[in-house]
């Protein structure tokens, strides 16, 4: 990942202003430690901090068209850049950078080229011929982008809030799948897939078609000129990413540079579920596996730094970001600059455990749509900023545009969790190949484990205990006066909020963070699916009472219908057994 900062229409064009832009751009250097660039044109500044992944030798930014009248600063990867270059035969390219096509596409098609890009990206483009500019963000919001406005009439764009929050009167998260045009005076959505309307699809499930789409999504993300690997938790999603990458690695250019044996990485407390499962998957796939341990205290000690980097006070995001932040530092120390990760699958296929309670296929599908639309505020933010804090790039194959379209076009009846059909069955079944197995059966049908839980259950318990020691009952009584927007309802949430406010005290910063009730990562709407959840609002997967094998015991004892933890574990064991039986059923193709 790179860091971009653009300031357009400044009233001050002095050397002091240039120095200020350089100073603010430095706040993003963790995202791109390899090189810094700045282009100034009259009252416009485009700055860039580069993480060199493709064409490290000549791809420094900002990038230009042939006569340098078009200037662009980009954070991201354009996976289909070679195909796009082939369409731009009348254009001359200066570098091998995948992002250079953006300047030439604009020259060729004007503002309506963004949908041609297959990748993850945030960019700002300045047309010096008429001093117009555009900014755009990828379809789902894999890469972060903020927009702000100065009192002098200037417009600001930055990869992270910290680069513009001090100098803008107002700022906000730039909406995914949107383009901002100075000519049209505002923002419009360029990404308009069929699923966005939340209309219920009716296409039959085709397992092989789904498998092929995902394999293609993984293969295209192996485009790199630097060492890379896969984040492997041992859960279904990361294991499938590792299995596909390992299977096809020898076919891509990067294998000749870095070897055909995949590197995998896992983090957790000693004895955690993820460490054990990841080791088993790594042994099965024959990867070079790196296992990192952290303690609860080490995680707590990192909290302030984590919140500064991820720029949120959302509880579940902070819980999951901290181990990912610690792991990213270790990975970067090994010389690795890019990793593949498994974010997005649970939103697309209804993999969170609360989906067990979806009342019908219509509500199931609508909830998946809501979850995908909100990814930029949660898992995409976590995956990007936790890794970028150490100059590491995370790529997410499940959020491939084509794969999402195919997956979201499946009749949601196939995704519904039924007796004998575990969550994400359509995905598990697609990779259940007896002739050439991708994964061992028990891994392929392992119950969903949220990352913040899988690194070790005592991690979340330790965070709660720490917050209880630092936030008093009196502080909680006055929480709605101190924090009237998104008032924290738990001591843990209050503790994170105090840290966030120290770094980002403006009201505009508070408003970039979503709120509302949640259970096991649900939206507020899905909380209505089970009345018992209203008594147990917690984003951990263990809050999915009646579903998770290690659900919170103290709550189970209080809520009728779940008598004790042994009956809970029995229920979960039955789900696992049913899932294994389902593997014997005919595959729908």
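Numbering starts at 1 and runs along the chain as displayed.
Heads up, the Cβ atoms here are built off N, Cα and C, so glycines get one too.
Whatever TrEMBL says is automated annotation, not expert-curated.
Feature annotation from TrEMBL assigns domain 'Glutamine amidotransferase type-2' to 2-185. Look at TrEMBL and you will find 2 tagged as active site, for GATase activity. Summarising the annotation, TrEMBL assigns L-glutamine binding site to 98. For 231, 267, 341, 342, the entry in TrEMBL reads ATP binding site. Look at TrEMBL and you will find 343 tagged as site 'Important for beta-aspartyl-AMP intermediate formation'.
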Rounded Cα separation (Å) that holds between residue 2 (active site, for GATase activity) and residue 343 (site 'Important for beta-aspartyl-AMP intermediate formation'): 20
When distances run from the Cα of residue 98 (L-glutamine binding site) to each of the recorded positions 231, 267, 341, 342, 343, the nearest one: 341
C-alpha spacing of residue 267 (ATP binding site) relative to residue 343 (site 'Important for beta-aspartyl-AMP intermediate formation'), in angstrom: 16
Intrachain C-beta neighbours of residue 341 (ATP binding site), sequence separation six or more, cut-off 8 angstroms: 230, 231, 238, 241, 383, 394, 395, 396
Number of other Cβ atoms within 10 Å of the Cβ of residue 2 (active site, for GATase activity) across all protein chains: 28
Around the Cβ of residue 343 (site 'Important for beta-aspartyl-AMP intermediate formation'), the count of other Cβ atoms that are within 10 Å: 26
Largest separation between Cα atoms (Å) of residues that the record links to ATP, namely 231, 267, 341, 342: 15
Cβ atoms near residue 342 (ATP binding site) (within 10 Å, other residues, all chains): 24
Other C-beta atoms that fall within 10 angstroms of the C-beta of residue 231 (ATP binding site): 26
Averaged pLDDT, computed only over the residues in the domain 'Glutamine amidotransferase type-2' (2-185): 96
